[in-house]
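Undergrad: Structure in structure tokens, see below.
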Amino acid sequence: MDRWFWIGLGGAAGTLARYGLSTWCQERLGAGFPYGTLAVNVLGSFLLGAIGELAESTELLSPTLRLGLSTGLMGGFTTYSSFNNETLRLIHYKSWAAGLANITITLVGCLLAGALGMIVARRLVAS
């Protein structure tokens, strides 16, 4: 039961954080491109990379806390379904170029952010 609680709590917090960051991005950058979804997915990839590295290389995170942070918090924060929907809408209503740009920026950005998160966590642990 303990794991379910932490996953649920993390998921609720992640969802609220995603809404907040997405709204903030849309208000400042406009709604012409899904900047909010891009921001949450890239930031979430960075954080999940760091969480995974800390969990694997240290004893800082218990298995329950790791589940709460990764499956719960980051699972609620990041959003593949919104990325998919917004990309399809860009392609349909704007242009193929905008849709392909979103795909490329998201995939490359998330992979680089995840790797950077792992590197940062590794260096923090080593220091």
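Placed from the backbone N, Cα and C atoms, the Cβ positions cover glycine too.
As listed in TrEMBL for this protein:
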- GLY75, THR78: Na(+) binding site (BINDING)
- 32-52: transmembrane segment (TRANSMEM)
- 95-121: transmembrane segment (TRANSMEM)
Undergrad: Reduced to three states, what secondary structure does DSSP give GLY75 (Na(+) binding site)?
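TA: Helix, per DSSP.
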Undergrad: Comparing the binding-site residues GLY75, THR78, which residue's C-beta has the most other C-beta atoms within 10 angstroms in this structure?
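TA: The largest 10 Å Cβ neighbour count belongs to THR78.
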